[in-house]
Structure formats: C-alpha cells, structure tokens
C-alpha cells in the first residue's frame, strides 16, 4: 500500500465506444501492480421503492439515473485507503441488488463510465481524464451485438432504444463532457498507439508518486 494518495484514471465515452477495451488494456498492463476498476454502471440509483412499471421507464443514459453521491463517497474512501462495499445493480428487477462486493483499496483506481466527466465533483478526484471517441455507427453496432447476445434483447428493441434514448442522451450529455477530458482516444480499444502512450503516462505518474 502506498503512502501517497492513489492515482485515479477516469475513462469516459459513449455506449459501445470501447471504454471497456481501453480499461482492460490499461488494467492488464498494470495487473502486477496494486490496481482496481470502479464502474459507474454499478452505481445506478436504488429503485426498490418504485413499482415495476415505474422502474421500466428508467433512462439509464441520463445523469440523474446514477447515484453519484454514493460513488463519490466510495471514491473518497478508496483515496483514503479504506475498504468499500460496492453496490450491485440488478438489470432484471431494475433496482439495486441486496448483494454487495467488498473492494479493497489500491494504488491505482480506474473509474469507468459513460457520464463520469459530466459531474464536476468526480472530475476533481481524477488525476487523468480520458474520453474514448468512436464513430456513432460503430457504437450502435457494438451495442446491438452486446444487448442481443448478452441481454436477450431483440434487434427492434435495441434500435428503438438507441433512436429514442441513447442517441439523444449521448448528444445532450456525453458528447459535451468530452471537453473536460485531458486526452481523447479516437477509435476506442483499437487505438493501440494511444493506449501505449497512456500506459507510459500512468507509469510516469506512479513513479513520481513513489519518489515523493
């Protein structure tokens, strides 16, 4: 465990942009080190007080869908080298699960999510802010493949959700948050040059913290 504050790397971008691929590439490079991934997707608000018909209306691409207060509290605890109990979201019941995941503090924290750069409070806690920028056509294709294969969705339902929810929310909230990024990575996880540059930058920051 380091004596200094952990390094926080924020990785944002639209759904299907390749955030997870970039996150995994960075994590794999430093997996011999003290590193963890904290996903914003785990921090959707608890909706157990709402009837199912109301939960089904949830817009998961809107900033208000996230419990950023809890996410910030947990991130601050990790920065103080304290363990957290990460919540788990049940997409079947559209509310927070009773399950929790204990997370031990690490020297490097990768914070990943579509809207992490939209909240100034989260931005203030990040040492490096990345935005994974990928063409909209490629993002919808990736989302269709994921939702049909992994979540049992129909193609029509995925397209309908993209047109009526995902695209408008991306244009209104996610795309504008790109201006808060320190580095923009085009072509998502396929951009190995950009990922290598990021790995070098992170290694430099880690070395500087060790030598403080």
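Numbering starts at 1 and runs along the chain as displayed.
Cβ atoms here come from the backbone N, Cα and C positions, even for glycine.
What Swiss-Prot annotates here:
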- 13, 14, 15, 16, 17, 18, 19, 20: ATP binding site (BINDING)
Neighbouring C-beta atoms (10 Å sphere around the C-beta of residue 14 (ATP binding site)): 29
Within 10 A of the CB of residue 13 (ATP binding site), the number of other CB atoms across every chain shown is 30
For the recorded ATP site, enumerate neighbouring residues of the same chain (Cβ within 8 Å of the Cβ centroid of 13, 14, 15, 16, 17, 18, 19, 20, site residues themselves excluded), in sequence order. 114, 132, 134, 139, 142, 188
I need the least crowded one of these binding-site residues (15, 17), counting other C-beta atoms within 10 angstroms of each C-beta. 15
Let me know how many other Cβ atoms fall within 10 Å of the Cβ of residue 16 (ATP binding site). 25
Three-state secondary structure, which DSSP defines for residue 15 (ATP binding site): coil
